[in-house]
Each structure stands twice: as structure tokens, then as C-alpha cells.
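Below is one structure, written out as C-alpha cells; the observations come after it.
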Amino acid sequence: MAASDTTTDDSLYPIAVLIDELKNEDVQLRLNSIKKLSTIALALGVERTRMELIPFLTDTIYDEDEVLLALAEQLGSFTPLVGGPEHVHCLLSPLESLATVEETVVRDKAVDSLRTISAQHSPGDLEAHFVPLVTRLASGDWFTSRTSACGLFSVCYPRVNPTFKADLRTHFRNLCQDDTPMVRRAAASKLGEFAKVVEVEFLKSDLIPMFVNLAQDEQDSVRLLAVEACVSIATILQQEDVEQLVMPTLRQCSGDQSWRVRYMVADKFTELQKAVGTDITKADLVPAFQTLLKDTEAEVRAAAAHKVKDFCQSLDPFQREHIIMNSILPVVKELVADPNTHVKSALASVIMGLSPILGKHNTIEHLLPLFLTQLKDECPEVRLNIISNLDCVNEVIGIQQLSQSLLPAIVELAEDSKWRVRLAIIEYMPLLAGQLGVEFFDEKLNSLCMTWLVDHVYAIREAATLNLKKLVEKFGPEWAQKTVIPKVLAMSRDQNYLHRMTCLFCINVLAEACGQDITVKLMLPTVTAMAGDKVANVRFNVAKTLQKISPILDPVTISMQVKPVLDRLNGDTDVDVKFFASEAIAGIAGNLSCEKHGQFFYISLGSCVM
């Protein structure tokens, strides 16, 4: 008997631990306990989990939100732990309670778990247990339960008998007409999902009136969600039904007094276009799109501008060019000069995509002038969006035409009197080089990049050196050896000491990109020769450069070529030169402590010890 009592006590231990931890004042302990529910359920077995654990959890839903959130998540995967699908309905009670709490994230997670376990119910269990739960939530006194109910209709509706279906449609209609805006908002957000599972006859008779009412709701937060439902409904219906049942409401939404509703129409426009078909697009959506592109609110214009390319691409191929040239392009021309930078940037990100749609002739005649205007826009993002999409135009009109039209504008900007404009173009140059290819770059833009190295503004010279590094990384060391390095090294003999210093700055960044071989053969001799420069600033920058490039040099080169130069600079008459030379000596000595093939090498600048 005593042994039996001991066994019973042992078997109760897991639930006792759970209860103790759930009642602990420490939230983290309670949270950890909830996260171990699956382990505890396994220890208890399926029957005791159903009979003891689940009722206990149902009775203790009063905790902190983070604990309840973890519980709602855990219960969604609890089906095997309660004995499989035939017993899954026992999880409904705690999840129903969680679906009514005040905290939104907890309710949403409870609804997610309910949706998951609904699929594990048999049709009979759905009707006996799940549908009554939905009905209770939909009829609850608090808006929290009614908002949660909205997300459950679509998962149970397809698998119940017609009587239950009629009841579910009635409850959903009541939620769409609820006095509380939050409930109507939840119903509107799930209307499209529900429409996909409802029979077409009831979609027309029951759900379309709900859709129309929601689209006319006094709250704009409800009306804008009805726009999303419009896409789902239009996808299901035949075209004549779309024209009769959906389009009047959509026309109303596209001209809604709230900019948020118009924004949603613009944001969903291409989805609506695919749902309604080409005929309705031509008759209704083209004028609506024009209106949205001219909207008084910049946010709406920007959202519509983002859709220009996709909208034009989805037009009827036989009428596409005519519609674009006569209806869309005139409005796009106005947007190029829009006072809002977000609108111009949105348009610039897609306008180049019109080139393949309109072809070579129309691109040259109508689009190139717009591209030129945007290339000269004061907003950097607009210019970047044009430059980063040049390949679209290049494929249509060819590199020759591109060089005659857009590149002069780029060169003009690169030589602009305002240094900030020049700086912006430098930053885009690696991107442009990748778009145009190495041959075209060498022919048209290489000299421009070298000119920036001798610009009178330091910020430009600095950006130009970083630009060279990116170009070498893109085109390779061989290209650098033939094209860039000879011009950089020639600057070491320039009469202007600032240009000689720029030569050193270039070597600082090019050494790593070009590798050891090119650095030792071509660049290092120039650096060491510049150690005798008459300007102290150049000499101490030689010391800094030698330290900078030392990690890619081999020990012998450092000992034979770098050490003598730094020793000489360390005895220089200028205090700054001596300081940077001693800094370089110490830095290189530290870097050269290394391990090689199991033997330790310490290479000082005076000797090589093994």
C-alpha cells in the first residue's frame, strides 16, 4: 500500500511542479513552466493531460500577457498530447478563453492555434464542438471575443452541413454590422478569406451586400479593409458579375474622401487589375489609375507611381501601347516634376521599365527626355533609381544611343560646379560601370574618374580613391594594371603636393584590391621613392602608406625595401615625419609576429629571427 502511495505521489510530481511554478511570483519561472507544457504532458500521459492538465490550464488564464501568449502558442501543437484528432476538441476550452483576453497579440495567437486544430476535427466534431465555439465568440458581450470569431469562419465553413453554413453566414453578417468599429474592422479583414470558401450563389446573395456596406462604413479604417476583400471577390466572380456587383463599389473607393482608402486602392491596383480582366481595366481602371496618379495626397500618388510599370505590363497587348501613350504617359510626365520627392523617387524606380514595353522609337522620343530630367533632379534617390536601372534602357535602345543621350547628362553632373553634385555621381559610378561594361567604361568614363582624383575639393578626391577601389573589385587587377595604376603612379611626379598625396591615398586602397604581386612590382617602388619628397606632409604620408600596405607584403620585402625607408624617415628633421615613421615601425613589427608551419617567426625591422 505504501509503495502504491509512493507511486501515486511520484506520478503527481510533474503537475505539482507545474502548479508551483505557475503560482510563483517570478514571471520568468511561470513562462518557463508554460514552455515546458509538452514535456509535462508527455509525463502525465494523454488521459491525465485531458482530464487534469487542460482543465487546470483553463482555470488559470489570468496571468501576464507573455505567459498567456506562450500558452496560446503551445496549445496549437497539443493534438498528439491529448490523444490525437478524436480528442482534439478538449483544447477548445482554454483557447476559447484566450481568444477573449484584452491583449491583441494573445487573441491573435489563440485564433491561429484554433485555426490550426480546426483542420484536425472531423466534420462531426466540427459541428458538435467547433461551430458552437465560433457562435459563442461571435455572440459574446465583449468586442474582444467577437473580433476573434471573425478569423474562424473560413476554416470551419467548408466542412459542415448546409444548416450550419447558413447559421455561420448569419453570424458573419451580424459581425459586419456590429456596433463596435473594431469588430467591423476584423470582419472586413476576413471577408475576402470567407468569400473564397462560400458558394457563389451565397457570395452574391449574402456576402456582396456585406461588402457594399463595409465599403460605405463611417470609419475609414473599415472601408480600406473592404478594398482588400474586393480583390478576392472579383477573382471568384464572372466578369459580368464583377461589373454589376463589384465595380460600383470599387469606383466609389477610388474616389473616397479618405486618402487612406484611396492609398489602399492604389496599393492593390495591379491585383485588382488581374482580378477584373482586360475589358473592365480599359473601361474603368485606366481612368481610375489616372485619377490616383493625380491625387491631392502625395502618399497616394507615390503608391500609384510604384505601380506604373506593373499596370502597363498587364494591359491588353493589342491595346497596350495606345493606352500608355494616350492615357498613362501624359500623367507620368507631370509626375516627373512632382513637388514631393517620395513621388519622384517612386516613379524613378519603375519608369525605366516602360522602355521594353514601348519599344525603341517611343523610348527615344518620349521616355529619354523624362530620364534626363530625373537624372538632373536635386534628390539623390531619384538620380540613383535612374542610374541603377539603365540596363533596361540599354537593352532597348543600345549602348550607342544611350551614350549620345543620357551619358552627356551624367558627365555634365560629374563636372558640376557644386561639389556635392559631383560627389553624388562619384558614388553611383561603380554601379554605372557594372551596368555599361568595362569597354564602354574605359572609352567614356575612365578619364572622368581620373579627373576627380585631382579635384580641388578634398571630399571629392577622397571619394574618387574609394571609387577606384570599387572599380578594381568589379573589373579585376589586370584591368587596374593596364588602365588605372599607370595614371595613379604618374601623379607621384605632379608639381602639386596635394596630388602627390592623393597618389599615396590611392595606393592605400588599391594595394589590397590588386594583391601582393602588383603592389610589390608597381606601387611599392613609387612609395619608397616619394620618401625623399621635399614636402613633409608627403613624407609622413609615405610612412602611413607603408604601414597600411604592409599586411599584404612578404617579410623579405619588408626587411629589404620598407625597413631602410622607415629608418631614414625616423631620422627626419620634421617632428611629424619622425612620429609617423616610428608609429609605422612599431605597427609593422607587431603585425609581423606570426606562426608558420609550427615554427615561430618574429620579424623585426632590424633582423629576421627564426
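Just so you know, glycine gets a Cβ as well, placed from its N, Cα and C.
Copied over from TrEMBL:
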| type | residues | note |
| --- | --- | --- |
| REPEAT | 14-52 | repeat 'HEAT' |
| REPEAT | 168-206 | repeat 'HEAT' |
| REPEAT | 207-245 | repeat 'HEAT' |
| REPEAT | 246-284 | repeat 'HEAT' |
| REPEAT | 285-322 | repeat 'HEAT' |
| REPEAT | 328-366 | repeat 'HEAT' |
| REPEAT | 367-405 | repeat 'HEAT' |
| REPEAT | 406-444 | repeat 'HEAT' |
| REPEAT | 523-561 | repeat 'HEAT' |
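The repeat 'HEAT' (328-366) makes no contact with the repeat 'HEAT' (406-444): fewer than 3 of their CB pairs lie within 8 A, with pairs spaced 6 or more apart in sequence.
For the repeat 'HEAT' (367-405), the list of distant contacts is 332-333, 336-337, 341, 344-345, 347-349, 351-356, 358-360, 413, 424-425, 428, 431-432, 435-437, 440, 444: same-chain residues at least six beyond its ends, Cβ to Cβ under 8 Å. Residues 368, 371-372, 375-376, 380, 383-384, 387-388, 390-391, 393-394, 399, 452, 455, 457, 459-460, 463-464, 467, 470-471, 474-475, 479, 483 of the same chain, all 6+ positions outside the repeat 'HEAT' (406-444), place their C-beta atoms under 8 angstroms from a C-beta of that stretch. Summarising model confidence by region, the repeat 'HEAT' (168-206) averages a pLDDT of 90.
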